[in-house]
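Here's the structure, in structure tokens; my notes come after.
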Amino acid sequence: MRPPGKGLPFSRRVRFAWAGVRDAWRLEASFRSQCLAALAALFALAVLRPGWLWSAIVVVMIALVLAAELINTALEAALDGLHPEHARFVQVAKDCAAAAVLVLSGASVVAFACMLADLYGQATAG
Ligand SMILES: Nc1ncnc2c1ncn2[C@@H]1O[C@H](COP(=O)(O)OP(=O)(O)OP(=O)(O)O)[C@@H](O)[C@H]1O
């Protein structure tokens, strides 16, 4: 027997995914901050016009950070629901998921700084 929710039309699955984004926005202050930082970075791309390659790198980094935060939120919600009591394995799982977000956030900042350095180098060379 097919599990409920499987084989639904694409539009229904997009609605489920959008509901997940709304839940993360409602529940997680860090997701809201990351969305605002992403908007600021996209605005910077629109103003600075660093070229297709840098734009692609920045957009991919934004997507990775937001996706990692969504997975982190999903893991936290599942663990809190399934095992609300204090447990070492919950701590390890939550801390590792948070570390994944931190690693990607740090890499994003470095990539953005490299883009700015490259643009500065081009501006001062010419
Ligand atoms: N049930 C638990 N058992 C053991 N440690 C836990 C448990 N719940 C939370 N912790 C510890 O407390 C920290 C904070 O947990 P919490 O669920 O508040 O997530 P958070 O770090 O605030 O994440 P976010 O800011 O993304 O919501 C976790 O990283 C973990 O180390």
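Cβ atoms are placed via backbone N, Cα and C, with glycine included.
Since this is a predicted model, take the numbers as computed values, not measurements.
The active site, proton acceptor feature in TrEMBL is assigned to E69. As annotated by TrEMBL, substrate binding site applies to R22, D23, A24, W25, E69. Residues or ranges marked as ATP binding site by TrEMBL: E28, E76, K94, D95. The divalent metal cation binding site annotation in TrEMBL covers E28, E76. Per TrEMBL, the feature transmembrane segment maps to 54-75, 96-120.
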Message: Do any residues, 6 or more residues outside the transmembrane segment (96-120), come within under 8 Å Cβ-to-Cβ of it, and if so which ones?
response: 30, 34, 41, 44, 48, 50, 54, 57-58, 61-62, 64-65, 68-69, 71-72, 75-76
- prompt: In the structure shown, with every protein chain counted, which of the binding-site residues R22, K94 has the densest set of Cβ atoms within 10 angstroms of its Cβ?
  reply: K94
Message: Measuring Cβ to any atom of ligand 1 with a strict under-6 Å cutoff, which of the binding-site residues R22, D23, A24, W25, E76, K94 qualify?
response: E76, K94
- prompt: Of all the recorded positions here, E28, E69, E76, D95, which one's CB has the most other CB atoms within 10 A?
  reply: E69
- request: Report the same-chain neighbours of A24 (substrate binding site): residues 6+ apart in sequence with Cβ closer than 8 Å to its Cβ, ordered by sequence.
  value: F31, E69, L70, T73
Statement: E76 (ATP binding site) and D23 (substrate binding site), compared by Cα position, are separated in whole Å by 13
Statement: Counting every protein chain shown, other Cβ atoms within 10 Å of the Cβ of D23 (substrate binding site) number 15
- prompt: K94 (ATP binding site) to D23 (substrate binding site): how many Å between their Cα atoms?
  reply: 18
Field: Residues flanking the substrate site, with Cβ no more than 8 Å from the Cβ centroid of R22, D23, A24, W25, E69 and excluding those residues themselves
entry: G20, V21, R26, L27, E28, F31, L70, T73
Task: Report the largest Cα to Cα distance, in Å and rounded to a whole number, among the residues R22, D23, A24, W25, E69 that the record lists as binding substrate.
output: 13
Task: Could you find out if DSSP has E28 (ATP binding site) as helix, strand or coil?
output: coil
Message: If I take the alpha carbons of E28 (ATP binding site) and R22 (substrate binding site), what is the distance between them in whole Å?
response: 10
- line: One finds that other Cβ atoms within 10 Å of the Cβ of W25 (substrate binding site) number exactly 13
